[in-house]
Amino acid sequence: DVVETQEHYKSRWRSIWIMYLTMFLSSVGFSIVIMSVWPYLQKIDPTADASFLGWIIASYSIGQMVASPLFGLWSNYRPRREPLVVSTTISVAANCLYAYVHLPHSHNKYYMLTARALVGFGAGNVAVVRSYIAGATSLTERTSAMANTSACQAVGFILGPVFQTCFTLIGEEGITWKLIHLQLNMYTAPVLFGALLGVINIVLIFAIFREHRVDDMGRQCKSINSEGEESGGLDQDAEGNVDHVAVVAINFLFFVILFVFAVFETIATPLTMDMYSWTRKEAVFYNGIILSVVGIESVIVFMVVKMLSKKTGERAILHGGLLIVLVGFFILLPWGKKLPNIQWQEIKNNSIPRTTSTEMLMPFWSLEALQLPSNHTVEPVGCPITQSWCLNTPMIYLAQYISSDILIGLGYPVCNVMSYTLYSKILGPKPQGVYMGWLTASGSGARILGPVFVSQIYTHLGPRWAFSLICGVVVVSLLLLEIVYKRLIAFSVRYGRMQE
């Protein structure tokens, strides 16, 4: 074992900061076009409907789910610079493709679908990022580094729509560069900005990023990923088997955490429109404010949890986070006697268009551009009569909804950081690329299945069933956590090399 030099320490943390930036840019790549996908899709391909929009949104997570284990495997055996540069290059190329999806004369929606899937594929590098940070930090540094990584990801999700809003000043027409057939407008400028950030990221990876590895106690070690040292192998501390029961348990818990948050994001707009008779515009505006506040709350929680974990340990905080999420969804259960306003106009006046369940269950950021036909001046509001549960299910009061938002915004980031931290500590000095890839894939799968689940249960059975089932899933997670609690310990602690 080699004592870490000051020069190594500085280089190691410079490289970790480049990984923070990569994580930030990955999440910006997802969120920077979210608000404009629907109007741009309608503009380039009038044949696209709301259900196809759902596939375009999901394609990002599908691409990430496929790519994460592949890039993770690559990073286990080769210098991590390779998968990082290749994945970022794919994202840059995909963003450029998105800027040109208006050019073909037909099937434009499929080009957009391909572009978003490839952006998601490039975002599979988050598995490489997390595996590098896990290997380049000691046990005492790990929680703080993982919290910073998640905070960068959260800030990216928050700032993406802000960048998009700034680019709306360019307008729908914008300017056209005829030589290369490029239209620079409010729809293409964000992705081209994202591509520019990707190029800057690649330059920084070549210029600053270096391979580093330290053991759980912070001592400098050889890295199997370092160029010219592939044959160096791991040091003797890598001897011992990973506790795969603990690994599977964390994967399941992480899936549940991302699943319930995806449900929370998806249900916000339809729930508030049904319960409070908000128009689509009101639902987009108010939920946009609420989710922005939740995002800021999450960043603060990421910072606080770094200090708290030093006193209580990660397992206890994960347990507390799941309990908070459970209370958050339990509060959402309908308890009172007052029924929501019914959208009677639908049956009294057939000329007013019926709001389809697909439209009702689109996330808030994709509803922004939905408009009623020009020959209708009144938008039906309230709980649609097509949802039979509206006639007998009590409404969820606004105070319940706001309280739930605050609690879920508190519990989710806690669970997110603790899952990654515990996972990396359980794996120890073993190459973590593939394992991190599977964890990322679990989260991506949850983000795909969550909206599908809630669209079926909420539409047909109502909020009582939807939120009761979510509470049941979280209770199962808490029981699993109790069962495996003693196994969720660091690799070095498990083999007696360090004390807990």
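Residue numbers in this text run from 1 along the chain shown.
Quick reminder: no glycine exception, Cβ is built from N, Cα and C everywhere.
Sequence annotations record features per position, and here TrEMBL assigns domain 'Major facilitator superfamily (MFS) profile' to 15-489.
Positions annotated as transmembrane segment by TrEMBL: 17-40 (among others).
Sequence-distant neighbours of the transmembrane segment (52-72) (same chain, 6+ residues past either end, Cβ-Cβ under 8 Å): 30, 34, 37-38, 41, 83, 87, 109, 112-113, 116-128, 131, 358, 362-363, 366, 432-438, 440-441, 444-445, 447-448, 451. Summarising the annotation, TrEMBL assigns transmembrane segment to 52-72 (among others).
Taken from TrEMBL, the feature transmembrane segment covers 84-101 (among others).
Summarising the annotation, TrEMBL assigns transmembrane segment to 113-133 (among others).
If you look up TrEMBL, you'll see 154-171 (among others) marked as transmembrane segment. When Cβ-Cβ distances below 8 Å are used as the criterion, the transmembrane segment (154-171) is approached by residues 23-36, 184-186, 189-190, 193, 292, 295-296, 298-299, 302, 365, 413 of the same chain, each at least six residues removed from its ends.
Per TrEMBL, the feature transmembrane segment maps to 191-209 (among others).
If you look up TrEMBL, you'll see 245-264 (among others) marked as transmembrane segment.
According to TrEMBL, the feature transmembrane segment maps to 284-305 (among others).
For 317-336 (among others), the entry in TrEMBL reads transmembrane segment.
The transmembrane segment annotation in TrEMBL covers 401-423 (among others). Counting only same-chain residues 6+ beyond the ends of the transmembrane segment (401-423), those with a CB under 8 A from a CB of the stretch are 130, 142-143, 146-147, 149-150, 154, 247, 250, 253-254, 257, 260-261, 264, 271-272, 275, 290, 293-295, 297-299, 301-302, 305, 309, 314-315, 317-318, 320-325, 327-329, 331-332, 435-436, 439, 488.
As annotated by TrEMBL, transmembrane segment applies to 435-459 (among others).
Annotation comment: TrEMBL describes 465-485 (among others) as transmembrane segment.
The transmembrane segment (84-101) makes contact with the transmembrane segment (191-209), as judged by at least three Cβ pairs under 8 Å among residues 6 or more apart in sequence. In this chain, the transmembrane segment (113-133) lies close to the transmembrane segment (435-459): three or more C-beta pairs between them fall below 8 angstroms, excluding pairs fewer than 6 positions apart. It is 435-459 that, among the stretches 17-40, 191-209, 317-336, 435-459, forms the most Cβ pairs under 8 Å with the transmembrane segment (245-264).
Residues 253, 257, 260, 305, 308-309, 393-397, 400-401, 403-408, 410-412, 414-415, 418-419, 422, 463-464, 467-468, 470-471, 474-475, 477-478, 481, 485 of the same chain sit 6 or more residues outside the transmembrane segment (317-336) yet have a Cβ under 8 Å from a Cβ within it.
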